[in-house]
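**Student:** Not my notes, these are from Swiss-Prot:
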- 194: active site, proton acceptor (ACT_SITE)
- 44-73: NADP(+) binding site (BINDING)
- 181: substrate binding site (BINDING)
């Protein structure tokens, strides 16, 4: 019995040590300059960004272009993409290709594949997604959009990865960034469908990373919490709530840190705090009522009127 307890104690100490080492790497990288553009350019000439018309996708489009990559912008609204395309070309000198596609539909991927043909794609950012309810809501009150959420949040990641990964494999290099969410790390009641869809992205990404990391391909899932974007109704920014530009610039520092990252130091600290709460307590009725009130009040008081 004594030997067993000693083994358990050593295992716990080892887990804590690994977490401390990982967090120290975050601290170090957070104070470093951004990843050299040469690293991203070594992956290939082009970056493909889904959901590039707004928010995090738009920010990735500009930032990757600043690092010297040509960019393919894919989103639903052509007018937005054309404006962004002109600004990227004017300010960075990178080439831009625009592809109009509605990711809530299934019949778009042959068209996208045709548009990507012949491009040396080194970076794929699977960013497109939809949140059926910003304020906490029961599943049946949002289930009318369930098929659109599945297509946009899950099917898009699978299909776009299929289109691009096979070419990365043949060149033995590439970077795929899949944007999940902090609410995909553990089940979140009142965001059930969104949480489940983002959990798929987490599991899919981490499994793929194991399959393809020995082939020179980095596949990383990002699990941010609060980012001020059109999808979150432009939440007021703070030390925790980042602008899309802030989040993207910091996230690119961590592309070599491992298969999963929150994307910024503030969210990593928040994740550590949340993970300290035992599931039995987190999912208790009392805790859920408390979180529901606190989170609803926070959202209502911080949603911008932009």
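Glycine too: its Cβ is placed from the backbone N, Cα and C atoms.
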**Student:** Whole-number answer please: how many Å between the C-alpha atoms of residue 181 (substrate binding site) and residue 72 (NADP(+) binding site)?
**Tutor:** 23
**Student:** Mind checking which of 48, 52, 56, 64, 72 has the fewest other CB atoms within 10 A of its CB? They're the binding-site residues.
**Tutor:** 72
**Student:** Mind checking which of 44, 68 has the fewest other CB atoms within 10 A of its CB? They're the binding-site residues.
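**Tutor:** Relative to the other binding-site residues in 44, 68, 68 has the fewest Cβ atoms within 10 Å.
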**Student:** Work out how many Å separate residue 44 (NADP(+) binding site) and residue 194 (active site, proton acceptor) at their Cα atoms, rounded off.
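**Tutor:** About 32 Å separate the Cα atoms of these two residues.
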**Student:** Could you say whether, by DSSP, residue 44 (NADP(+) binding site) belongs to a helix, a strand or a coil region?
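**Tutor:** Note: residue 44 (NADP(+) binding site) is coil by DSSP, not helix or strand.
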**Student:** Sorry to bug you, but what's the C-alpha spacing from residue 194 (active site, proton acceptor) to residue 72 (NADP(+) binding site), rounded to the closest Å?
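**Tutor:** So the Cα of residue 194 (active site, proton acceptor) lies 26 Å away from that of residue 72 (NADP(+) binding site).
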**Student:** What Cα-Cα separation, expressed in whole Å, is found between residue 52 (NADP(+) binding site) and residue 194 (active site, proton acceptor)?
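**Tutor:** Given the Cα positions, residue 52 (NADP(+) binding site) is 20 Å from residue 194 (active site, proton acceptor).
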**Student:** Reduced to three states, what secondary structure does DSSP give residue 181 (substrate binding site)?
**Tutor:** coil
**Student:** Tell me the Cβ contacts of residue 60 (NADP(+) binding site) under 8 Å, same chain only and six or more apart in sequence, or just say none.
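**Tutor:** In sequence order, the residues whose Cβ lies under 8 Å from that of residue 60 (NADP(+) binding site) (at least 6 apart) are 47, 49, 52, 125, 127, 177, 248.
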**Student:** Which whole-number value in Å describes the distance between the Cα atoms of residue 194 (active site, proton acceptor) and residue 68 (NADP(+) binding site)?
**Tutor:** 34
**Student:** May I ask you to report the DSSP-based helix, strand or coil state of residue 56 (NADP(+) binding site)?
**Tutor:** helix
**Student:** Under a three-state reading of DSSP, tell me whether residue 72 (NADP(+) binding site) is helix, strand or coil.
**Tutor:** strand
**Student:** Which one of the recorded positions (181, 194) has its C-beta surrounded by the most other C-beta atoms within 10 angstroms?
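**Tutor:** The residue with the most neighbouring Cβ atoms within 10 Å is 181.
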